[in-house]
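So the structure is just underneath, and the comments pick up after that.
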Amino acid sequence: MIAYIIRRLLHTILVVFAISLIIFFSVRLTGDPVSVMFQAGEPTKEAIAEVRKNLGLDEPLYVQYGIFLKGLITFDFGESFRSGMPVMDLIKEKLGATLALAFGGMAVAIMIAFPVGIVSAVKRGTGVDFFGRIFSLIGISFPNFWLGIMLILIFAVNLKWLPSSGFESFKHLILPSITLGMILSGILARLVRSSMLEVMNQQYISTAKSKGISDFAVIIKHAFRNALLPTVTFLGLQFGALLGGTVIVEQIFSWPGIGRLIIDAINQRDYPVIQGGVIFLAVIMVAVNLVIDLSYTLIDPRIKIGGSRS
Amino acid sequence: MVQKVLEVEELKVGIKDEDGGKIAIVNGINFHLHKGETLGIVGESGCGKSMTSLSLMGLLPAGVERHGGDIRLGNLNFNSFNKKDWRQIRGKKIAMIFQEPMSSLNPVYTVGAQINEMILNHERVSKKEARNRALEMLKLVGIPRPEQVLNEYPHQLSGGMRQRVMIAIALSCNPEVLIADEPTTALDVTIQAQILELMKKIQDQLHMSIVLITHDLGVVAEMCDRVIVMYAGEIVEESLVVDLFDQPSHPYTKGLLASLPDIQEQKEYLSSISGVVPAPGKMPVGCRFAPRCSFAHERCKEVPPLFEMENGSRVKCWLYEDGETEVAAK
Ligand SMILES: Nc1ncnc2c1ncn2[C@@H]1O[C@H](COP(=O)(O)OP(=O)(O)O)[C@@H](O)[C@H]1O
Ligand SMILES: [Mg+2]
């Protein structure tokens, strides 16, 4: 177990290193940051050189990369070209909002998809199943910006029940979470349904029924518990995607998250913020995957961490 | 007179066809089970043995329904059962073990938890008492190091051990009837013998009645007192095991006996009887076995009744219309 975690950590370091290489060089393909910094007038050659020197852009690339790597080890991503604030501080400031939105979206997806998927599977082929599947299809095929805008129109503009932008309270979380969660719930409900159908055909479900326990116990305790494994894998992958991929939702709801931080940074060619933000998200994704893998052992006793089977 | 624990009358099981009509899988069968007796149900694969046994538990698969007949357990008539009544007898009065020990235990729960679940569902006992009972059951079914096995998961046990655990679960609430649907088919021969031995031993200890479903006449000879031969959803012969092997009457039974080694290898067809079991909905008129029968004659276009023989056997074949006529036309 310990050896496994160590191996995974080494693996993580390798992944982060690879990402650092890719992000460092690809960022520099977006163009010269200095040229977008002077808004008014034609800057003098001297002024430009001065700025480049201050930002460390006059050094050879490998030196710049070395500095970047050195910073990585201490989680120091340098300072923003724009605001001069440490990138880590900017990220920390946005992290709460991003995590809240990811968890919120996940929670909405689970709350909708688990019941829908389970009921659909249990009532397979009936009207209920039909509606469940239509729901999944709608969830999957709806563009989320549309749903977000509709929710804002209904609940923020017309009914004035909920705020439409920013993140100041729990209330602010509701509409963006639903927007994000609905999309995910469509796919998730499908996955839950198909995993449940597969599990319900297993002999141990007949065994469970033959004990005279309630239908609920058969479905939840015996079937769903076994259907959980593929579901958790999917959710883990999705969580990573939610952290970085909420850009559209963050835009619609003016959500102060890391996704928007990175988008703004890209527009401004703010290299350190882009690099720091992307690396940070990558580390979180890898960490989430590790946690998911470890959680398998709790869900399924047949899985032994480290690949050794008893 | 020996007490009947289970009586099945005119049991009909079927599926719906596309036009909403019914296709019979089990076509009005009658049998009973005496206390302490082992009744064998034999027949090729697809004859309706499993559907018969599942209807005794009220656990027919989706799309398959019982639409007729009576099942009585003591003074309980299953026809009047609602969901809750069914749940009260499942495991408590009738328990069942299945063919596939490898997949009949839930992989994510310990052996102990799976036995406890049955006990706690039917008996008013504390968790600790349930655990003790589970331990006793594991000892009863001859599991070595039972204390540890309680905390182990199914994947840590061999197929034979898992079937023992299944038996422990099934018997943990002391049911009156145990239904065993091909309990040893998936196991290799030595393990098979051990499991059968075990079932016999426990039956004597607990005075249970067993319905043993198998396509293996060797198992029948070993285990059963009486036997029902099923063909295409009907009972074609019913007799004591001794009589069945001494004087098989129905041509189908004779065929089964003649191809003994073959059915043990689970072949799709029987060497001594050509053809296969007709599919539901594609049943021949008259005697369902006639198309495969070398004794078939004009009379077989009508459905034969069950003829009672002198030794008490019953045979669904026109050859026995005039009582016990040894088939001359061999
Ligand atoms: N779930 C099901 N739906 C429809 N037909 C079924 C189902 N299960 C079994 N059957 C049909 O019922 C008949 C009897 O099957 P079964 O009782 O399993 O036979 P046996 O146990 O004797 O091998 C077979 O023709 C089979 O095709
Ligand atoms: Mg069967």
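A Cβ is built for glycine as well, from the same backbone N, Cα and C atoms used for every other residue.
Source: prediction; values computed, not measured.
Here's what TrEMBL has on this protein:
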type: TRANSMEM; residues: A:9-27; note: transmembrane segment
type: TRANSMEM; residues: A:95-122; note: transmembrane segment
type: DOMAIN; residues: A:95-292; note: domain 'ABC transmembrane type-1'
type: TRANSMEM; residues: A:134-161; note: transmembrane segment
type: TRANSMEM; residues: A:173-192; note: transmembrane segment
type: TRANSMEM; residues: A:227-253; note: transmembrane segment
type: TRANSMEM; residues: A:273-299; note: transmembrane segment
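Non-local neighbours of the transmembrane segment (A:95-122) in the same chain are 128-129, 132-133, 135-136, 167, 173-174, 176-182, 184-186, 188-197, 200, 219-220, 224, 235, 238-239, 242-243, 246, 249-250, 255-259; each lies 6+ residues outside the stretch with a CB under 8 Å from one of its CB atoms. The recorded stretches the transmembrane segment (A:273-299) and the transmembrane segment (A:9-27) share 3+ CB pairs below 8 A when only pairs 6 or more apart in sequence are counted, and are therefore in contact. Counting same-chain residues at least six beyond the ends of the transmembrane segment (A:173-192), those with a Cβ under 8 angstroms from any Cβ of the stretch are 100-102, 104-114, 116-118, 120-121, 132-133, 135-142, 144, 147-148, 151-152, 155-156, 162-164, 167, 227, 230-231, 234-235, 238, 242, 246, 249-250, 252-253, 255.
If one looks beyond the transmembrane segment (A:9-27) by at least 6 residues along the same chain, the residues whose Cβ comes under 8 Å of a Cβ in the stretch are 61, 64-65, 68-69, 72, 269, 271, 274-275, 278-279, 282-283, 286-287, 290.
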